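What follows is a set of notes on a single structure, which appears directly below.
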């Protein structure tokens, strides 16, 4: 895919920055952007956005975001009277890296005050995280506005829980205007990132209320997970990679792991319980380039769902709070 003219001007600089992908700052950023993009699955409507939206108003916008590494409502801090999305059970304690978005926003405000929305920063960062970890780059239609409301209850309804079955996942994504194939394709986002033990410990110690282990889990993988996540532990800092075979690379490793019964969540392993989705898993595992193309297309489509445009919302000066 062709990058915007602004980014093309800085190809050599970006190539150098890509070498830093394995730093802790980058990994934090990558994990955050996946959750942020999925948090934008709130409405079935597709907005009219535009590639190169900031070409004349802030030509360096995409480069600045890439260098730093939805409607952005998941960025809000909680207040005494409202629990924000980032602090909902669906996002907390898993969601991290807000300081990276803050840094990109601060640089953009210094160069183009009041022009680039937090929502577009998230969309650009998601694209960049795909590209610098081995996926395909793609043009990001922009022009999103920032929302003025952030509710913890919305995170619970807009993020599929890790216990969903394939039928529940299919219906959930369909409600957002996404096909079953796009659901399987976007599930591959679990190729990057980490999970807290609490999100899957039921598969290790209390599957379906039986005090036993999920029989679909590979025994060796389950044993490794139990070592990393001891039964009864309440340590919120215990995390494991979503994709054990290649946790920091955007590749087909997620699908290979699922085929080996090493899907971390119930919602990962359930993809093999349906004939159609199981076929798609095998196709993606066997044809990495096909999956990367489909993933880029699905990310563009998903990034246009439920966004604010025109005069709706605002352009936040600080991504954590609404403008006063």
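If you go along the chain as it appears here, the first residue is 1 and each next one adds 1.
Including glycine, each Cβ sits where the backbone N, Cα and C put it.
Per TrEMBL, Ca(2+) 1 binding site is recorded for 69, 71, 73, 85.
Residue 160 (substrate binding site) falls within neither a helix nor a strand when secondary structure is assigned with DSSP, and so counts as coil. What TrEMBL lists as substrate binding site is 160.
Remark: residue 190 (heme b binding site) has 242, 243, 254, 264, 265, 268 as non-local neighbours, by Cβ distance under 8 Å and separation of at least 6 in sequence. DSSP assigns residue 190 (heme b binding site) to a helical segment in the three-state reduction. Taken from TrEMBL, the feature heme b binding site applies to 190.
For 191, 251, the entry in TrEMBL reads Ca(2+) 2 binding site.
Among the features that TrEMBL reports, disulfide bond is placed at 118-319 (among others). Counting every protein chain shown, the Cβ of residue 118 (disulfide bond) has 31 other Cβ atoms within 10 Å.
Residues annotated as disulfide bond in TrEMBL: 197-229 (among others). Sequence-distant neighbours of residue 229 (disulfide bond) (same chain, 6+ apart, CB under 8 A from its CB) are 197, 200, 201, 204, 238, 240. In the three-state DSSP scheme, residue 229 (disulfide bond) falls into the coil class.
TrEMBL lists 68-323 with the feature domain 'Plant heme peroxidase family profile'.
Within 10 Å of the Cβ of residue 197 (disulfide bond) there are 21 other Cβ atoms, across all protein chains. For the binding-site residues 160, 191, 251, counting C-beta atoms within 10 A of each C-beta gives the highest total at 191. Mean pLDDT of the predicted structure over the domain 'Plant heme peroxidase family profile' (68-323): 85. When the C-alpha distances from residue 319 (disulfide bond) to the binding-site residues 160, 191, 251 are tabulated, the minimum falls on 160.
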